[in-house]
Amino acid sequence: MDPRYWGSSFWIVIFIIITKFKHDIETCKRHLYNICKALPCAECKDHALQAIQKNNIMSSNDINYIYFFFISLYNNLVFNPERCIDIKKVKKLI
């Protein structure tokens, strides 16, 4: 399934979850992991889960580390470079 059709919706959900659960990090991580496991593209799912594991996201207790990890992941995968998030303009959540 082509992520150009559903990808932006998943990214919106990911960033909503991070901001909504910034004070409940365990719930946040659980939701993020489940979303990545449910990605309709097998390659995207594998890539996301490998990146989560490689960067120790599930063992992190720092919401900003998780937030900036997902921003970086998004920027590395975005189809249109104009849609990249300028990391210099992003403020920490807490």
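Using the three backbone atoms N, Cα and C, a Cβ is placed for every residue, glycine included.
Database features (Swiss-Prot):
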DISULFID  Cys41-Cys44  disulfide bond
DOMAIN    1-94  domain 'ERV/ALR sulfhydryl oxidase'
What is the Cβ neighbour count of Cys41 (disulfide bond) at a 10 Å cut-off, with all protein chains included? 15
According to DSSP, which kind of secondary structure is Cys44 (disulfide bond) found in, if we only use helix, strand and coil? helix
On the 0 to 100 scale, where does the mean pLDDT of the domain 'ERV/ALR sulfhydryl oxidase' (1-94) fall? 95
In chain order, residues whose C-beta lies under 8 angstroms from the C-beta of Cys44 (disulfide bond), counting only those at least six residues away in the same chain, are Pro3, Gly7, Leu77
